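Q: From Swiss-Prot, for reference:
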type    : residues                                                             : note
BINDING : Gly69, Arg70, Gly71, Gly72, Ala73, Gly74, Phe75, Pro76, Thr77, Gly78 : NAD(+) binding site
BINDING : 182-229                                                              : FMN binding site
BINDING : Cys361, Cys364, Cys367, Cys408                                       : [4Fe-4S] cluster binding site
Amino acid sequence: MTLTSIGPANRMARSAETHPLTWRLREDAQPVWLEEYQSKDGYAAARKALTQMAQDDIVQTVKDSGLKGRGGAGFPTGVKWGLMPKDESLNIRYLLCNADEMEPNTWKDRMLMEQLPHLLVEGMLISARALKAYRGYIFLRGEYVDAARNLNRAIDEAKAAGLLGKNILGSGFDFELFVHTGAGRYICGEETALINSLEGRRANPRSKPPFPAAVGVWGKPTCVNNVETLCNVPAIVGNGVDWYKTLARPGSEDMGTKLMGFSGKVKNPGLWELPFGVSARELFEDYAGGMRDGFQLKAWQPGGAGTGFLLPEHLDAQMFAGGIAKVGTRMGTGLAMAVDDSINMVSLLRNMEEFFARESCGWCTPCRDGLPWSVKLLRALERGEGQPGDLETLEQLVNFLGPGKTFCAHAPGAVEPLGSALKYFRAEFEAGISRQPSAAPRPATVGA
């Protein structure tokens, strides 16, 4: 699996003007350490932010750029930063980097942290300056051992060079940065569950309001941003808003570039930095190379396991939030998965729902009970032992676990692929209905 934007399918020469995230990558995929990073304008944006810009000007620059969160939700970053309190007496503030990348079929943040650790450090330094945060934590997926090692080395290098710690670059600004490895729970991708875990608590989502900007880690104002989001900040501050807005393709409502990828039985699975608005067909055919010989594209997901399935006819959709919404799902992380014609959708959904059921924190009843119920029904259908009404029950579960009906977005993301699979591949589910009726009574509705 290609973990960089380098590859035979990438015909674009990477430069600072067109590939702000990946232009510094080495051809051998080794980490870019401080000396090399600084030789490629590394920390120039941080110097500008700390010595030439007011803190509020940094926030306004990011807001004007149109940068949105790259973790899947797509909330405007500058708006989120603007929620931090203006009261100067609240001088203990935290910046958290959500690096708990556990979405199946997603590995974009891993590449950035392993190969460009100083880009994340610089992005967090600038962001902390804007937010008046004196301490930052990178909440890292525990399995990312190489990323942890490289980030800790980058932090040590930055400290030794006076780029972290006290009075950074003579600006009077202090910022300490730490790596915290998680314990392996998918729910920690939700920002308040992440905060609870960092505090040493059970990783349950918190009720909002209050939002983390008001009451976050250890009760203090806190901002949580994704790895890729923070890595965009240096280029925006360094090159300006007008430049950043020229990167996306015409028609895209999202600005800048995005790390996108394709996995599955494609000829060239990989990860590429591409402008928002590129068509999914271009990503699939020109970059991923289409399907391997002997396989046909049956369906695809645009951005992780928590997004809905689409058909080959939907490949002309533009890869940005609004473009994917037009064909019925979310862009998510932007790393697509191809489902080939050898895959049974019932088996695939059973596998996916087992994952989501296992990763539920169990805090709210619909998610705690509904997801295992869906797994039970899918297992029966997979064995050919489904009963009449099972598909209708699954559809009710999709409805009852949908947006706004559970404590957080875990359950809605879990049932989105299930709902789309029932819509597009219903015959495969119907094939799992047994011709012999069960003697056991079956509930008529989900709520019974």
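Backbone N, Cα and C define each Cβ position, glycine as well.
Walk me through where these features lie, including what they touch and how far apart they are.
A: DSSP classifies Phe75 (NAD(+) binding site) as coil under the three-state reduction. Annotation for Phe75 (NAD(+) binding site): spatial neighbours Lys68, Gly69, criterion Cβ-Cβ under 8 Å with sequence separation of six or more.
Gly182 (FMN binding site) falls outside any helix or strand according to DSSP and counts as coil.
On its own chain, Cys364 ([4Fe-4S] cluster binding site) has Thr406, Phe407, Cys408, Ala411 as residues at least 6 apart in sequence with a Cβ closer than 8 Å to its own Cβ. Cys364 ([4Fe-4S] cluster binding site) falls outside any helix or strand according to DSSP and counts as coil.
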Q: Quick check: which same-chain residues outside Cys361, Cys364, Cys367, Cys408 lie with their CB within 8 A of the centre of the [4Fe-4S] cluster site CB atoms?
A: Ile187, Asn204, Pro205, Ser360, Gly362, Trp363, Pro366, Arg368, Thr406, Phe407, His410, Ala411
Q: Enter the number of other CB atoms within 10 angstroms of the CB of Gly200 (FMN binding site).
A: 6
Q: CA-CA, which of the binding-site residues Thr77, Cys188, Gly200, Arg206 lies nearest Cys361 ([4Fe-4S] cluster binding site)?
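A: That would be Cys188, the closest of Thr77, Cys188, Gly200, Arg206 to Cys361 ([4Fe-4S] cluster binding site).
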Q: Cβ-Cβ under 8 Å from Cys188 (FMN binding site), same chain, 6 or more residues apart: which ones?
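A: Listed in sequence order: Asp100, Met102, Phe139, Gly182, Leu194, Ser197, Ala203.
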Q: About how far apart, in whole Å, are the alpha carbons (Cα) of Gly200 (FMN binding site) and Ala73 (NAD(+) binding site)?
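A: Gly200 (FMN binding site) and Ala73 (NAD(+) binding site) have their Cα atoms 25 Å apart.
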Q: Could you state the CA-to-CA distance between Trp218 (FMN binding site) and Thr77 (NAD(+) binding site) to the nearest Å?
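A: Pair distance, Cα basis, whole Å: 23 Å.
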Q: Let me check the 10 A CB neighbour count of Ala73 (NAD(+) binding site). How many other CB atoms are there?
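A: Its Cβ has 15 other Cβ atoms within 10 Å.
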